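Asker: Provided herewith is a single structure, encoded as structure tokens, for subsequent inquiry.
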Amino acid sequence: MPSLSSVTTPLSESIETGQNKSKLFTQSQNLKPLNPSTQKPQPKQSHRAFETNKRFVMVKSYLRYEPATAFGVIASVDSNICYDNSGKHLLAPALEKVGVWHVRQGVCAKTLTPATQSRGHSIAVTSIATVPSSSCLIASGHADGSIRIWDCERGTCETTLNGHKGATTVLRFNDTGSLLASGSKDNDIVLWDVIGEVGLFRLRGHRDQVTDLAFLDAGKKLVSSSKDKFLRVWDLDTQHCTQIIGGHHSEIWSIDVDSEKRYLVTGSADQELRFYTIKHEITDTQSVSKTGQSVTDGKDSLVENKWESLKLFGEINRQSKDRVATLRFNKSGNLLACQVAGKTVEIYRVLDETESKRKAKRRLNRKKEKKSSKIVEATEKESTDHDDGQLTMVTVPDVFKLLQTIRASKKICSISFSPVTSKNSLATLALSLNNNLLEVYSIDSNSTTKTSAIELQGHRSDVRSVTLSSDSTLLMSTSHNSVKIWNPSTGSCLRTIDSGYGLCSLFVPGNKYAVIGTKSGNLEIIDVRSGISVETVKAHTGSVQSIVQTPDGGGFVTGSTDHDVKFWEYQTTKVSGQDSMHLTVSNVRTLPMNDDVIVLAVSPDGKHIAAALLDCTVKVYYMDTFKFFLTLYGHKLPVLCMDISSDGDLIVTGSADKNIKIWGLDFGDCHKSIFAHADSVTAVKFVRNTHYMFSVGKDRLVKYWDADKFELLLTLEGHHAEVWCISISHRGDFLVTGSHDRSIRRWDRTEEPFFLEEEKEKRLEESFEADLDNSLENRYLPQQELPEEGAVAVAGKKTQETLTATDSIIEALDIAAEELKRKAEHEEEKRRGKGAEFQPNIIMLGLSPSDYILRAVSKVHTNDLEQTLLALPFADALKLLSCLKDWSSNLDKVELVCRIATVLLQVHHNQLVATTSTRPLLALLRDILHARVKECKDTLGFNLAAMDHLKQLMASKSDAPFRDAKTKLLEIRSQQSKRIEARADTKGEKRKKKKQKKDDGHVWS
């Protein structure tokens, strides 16, 4: 029987390949003309050629499906959340994207999407950071080790930095935003120049994953924590580890520094939070005195503490027994939030210097009161003098006091303080929960209140079923406690209806109502327009696993784990007390089975019904008489999904044994068994009026098949977890998938045709490149030795891009050398009087040889330049060095020339020194480059001075001096309040002394 796939449809057109295809189509009388919709520029030609007898081969083409949009994810669990500097927007990870949510309105204002070919879980966002100063730059770290710098206002990716071999675990900007530090699962820390878009150096020393980073001393020092239980302090000027701090009994998960850079706090799985005082400089006694520490003036102590930046201040016990996940100070530094790997966040109040000293005094006074009163006056005086000297010894409990404990409904993944504080509260704290939810809390001195939550734009758990309406304008998705109606073209949530655990669903003809089959065995009828549940019918004693529309549209069939297949009809009933009518259903027939029913399928002509059972078989019955027709044997594990083609010829089954089987429905013969997925096949669906089908599985992939040729056409990557369900539009122009990662993804059919052979070649090339990347990472070589203590290495890493860039530079050098040789030969011939006019090489685009090489070098990404030059052979490096002299005359390229010269000198130093012919070149470069760099510095200095002068002129002509009046006023008020408190303290001390004198003269003393 001929299949529908042989019929010419917009989905696939028979496009002939060869050199003169248009001529052949006009000459052939037997062929129909091409559909105008497919007469577009043809893709790359297939390798098939005409046969010797001039007969041509028809090569079937298919239309490509591409990822269009993804929605339903508010906050994924792999990364932290972060406020922007305005405090209005919250940056939340949404799998491979970053969502910018407007906190008050609860809508996604912008989405930062990476434009890359690699999709899926490899580019999931694993960390987010913003610049502390007012800037619109955002950094996002990804699971493949890459870092992307975004312009938040424009929503564009400014640059991509590649340096880590493992997932990026933490990102931190310095205060000015010029430096970015990144930590990774590969145990390394990389420092990046954000402005130059280049890696500066790599710091090695940790023996396990880097968990957190913090800048000290205005960005001159960096503190890192790791799972290896150690803190390391790095001097960024000398690029060395200056201090290693132990003492933790388990992995250190988070660290943070307060805004005044007084304290550093660390959190681990221990019951205590450890606090360290920060010493900025050796002579910096003021910062030490702030924290109540005294520094001796002896030479020995100075030598001993020369490299000591952190000193243990003390510990306080936490309330929760779970490990610490995140520690963060708010912007003003008066609150500390400790988020544990559970449902609680502990908020600590950070007292300022005067309050902490006052608290310490009260503590010492309480100690005095407990002392015995039978002490001689002289001893008492000595003790009071001794205690007065100890009044400045402030301990951790004097500074940090537990204020509130926030308890969330689900496990907390991340926290972030808002940089802007409202008038009525101490701070605003945002939480991301592991059930795809964002909550915002307002923290007061006495209580915490939840002010808002962002929850409507996504499900709280897995998306278990997706169903498109008959006109494909509405999409319905079900989860464990709700049903959501979406606009599939925009991804906006239109309705949210509370329900049971929905496992399957369908739209009633007319799209006004929908029916949901739940895990509890109920059928829930939902009014789509009003978004309310109209009726709940107890349909089965077991969970409703499958629900299928009958071809006549008058009812549907349900299959359940209670061994029953039930047939239902639609009816309308009048609401008591109202004039309105609503839909209801009634059971008309029941077909008992001998095992749990997992999935049902009804043939389009309404003749057969197929039921997949838990015993790994599929039983086919006549639908009118329930007479047994066929049993489909073959799967080794239960069939989880099934579909019948539009013409009723084929039935496809997908199983937990990872196979797809294509059967003929007329005799029940297995046409083909295909090993389809690396894990269980969870859903299969035919495209309407074709024999093309889609399958999804627990291996996160969506696959496109030709059921006639039994060939894999496309593999669509994008989901980050198991894909549970699929729905295809009526016309087949797009499909929708739902997943365990809570995302719903739409895949659109494009007008781009592709050929099967070319797609196979592309897959082979991709696998070859993947193997090449593995070899670059030395996966099959023995593991390298652990790095030395505080070792420094190159920031970048070798990738496919760096190798391609090296090849392009070598190719440009060869072409330029060939061109110079041709020019020399032409000059020689010209001297002899034989030379014709010189014809330059067209490939060089009219550029000189030196400019052509410069063009190739300038194309290399700034971050990849170092690794690209490392791969250059010595001979080509010499050629490149000889070009630097000409390039240095261009002031715009001085920085590039200096970088190339520095890298090549570092890499080939020994060979360059040993080669006598290079000495004149190096001497020349030394003189030229020093002069050029000085010239650039002078120009920049002149421009900066001119801009400062203009700024002063503008300030003198405007109201600029009064803009900071508010901050100045607040500073003056704070100084006055401190003076008043100091006076009050001195008055209090005088009163105490008077009281003591009176008490000493009393009779009872």
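For all residues, glycine too, the Cβ spot is worked out from N, Cα and C.
Straight from TrEMBL, here's the annotation block:
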COILED    810-837  coiled coil
COMPBIAS  1-44  compositional bias 'Polar residues'
COMPBIAS  362-371  compositional bias 'Basic residues'
COMPBIAS  372-386  compositional bias 'Basic and acidic residues'
COMPBIAS  978-988  compositional bias 'Basic and acidic residues'
DOMAIN    850-952  domain 'Small-subunit processome Utp12'
REGION    1-50  region 'Disordered'
REGION    362-386  region 'Disordered'
REGION    971-1005  region 'Disordered'
REPEAT    118-160  repeat 'WD'
REPEAT    161-194  repeat 'WD'
REPEAT    203-244  repeat 'WD'
REPEAT    245-279  repeat 'WD'
REPEAT    456-496  repeat 'WD'
REPEAT    537-578  repeat 'WD'
REPEAT    632-673  repeat 'WD'
REPEAT    674-715  repeat 'WD'
REPEAT    716-748  repeat 'WD'
Asker: Please identify the stretch among 203-244, 632-673, 674-715, 716-748 with the greatest number of Cβ pairs below 8 Å relative to the repeat 'WD' (456-496).
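Answerer: It is 716-748, which has the most Cβ pairs under 8 Å.
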Asker: With the repeat 'WD' (118-160) as the reference, find which of 203-244, 245-279, 537-578, 632-673, 716-748 contributes the most Cβ pairs under 8 Å.
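Answerer: Comparing 203-244, 245-279, 537-578, 632-673, 716-748 against the repeat 'WD' (118-160), the winner is 716-748.
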Asker: By a Cβ-Cβ criterion of under 8 Å, what residues six or more beyond either terminus of the repeat 'WD' (161-194) are in contact with it?
Answerer: 126-133, 135, 137, 139-149, 200-204, 206-215, 218-219, 222, 224, 226, 234, 236, 777, 793, 795-797, 799, 801, 863-864
Asker: Short question: which residues 6 or more past the ends of the compositional bias 'Basic and acidic residues' (978-988) have a Cβ under 8 Å from it?
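Answerer: Cβ under 8 Å, 6 or more out: 354, 358.
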Asker: Mean pLDDT, the domain 'Small-subunit processome Utp12' (850-952)?
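Answerer: Across the residues of the domain 'Small-subunit processome Utp12' (850-952) the model's pLDDT averages 88 on the 0 to 100 scale.
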Asker: Helix, strand, coil: count each for the residues of the repeat 'WD' (632-673), based on DSSP.
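Answerer: Across the repeat 'WD' (632-673), the residues distribute as 0 helix, 23 strand, 19 coil.
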Asker: Please count the residues of the domain 'Small-subunit processome Utp12' (850-952) that DSSP assigns to helix (H, G, I), strand (E, B) and coil.
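Answerer: Breakdown, helix to coil: 92 helix, 0 strand, 11 coil.
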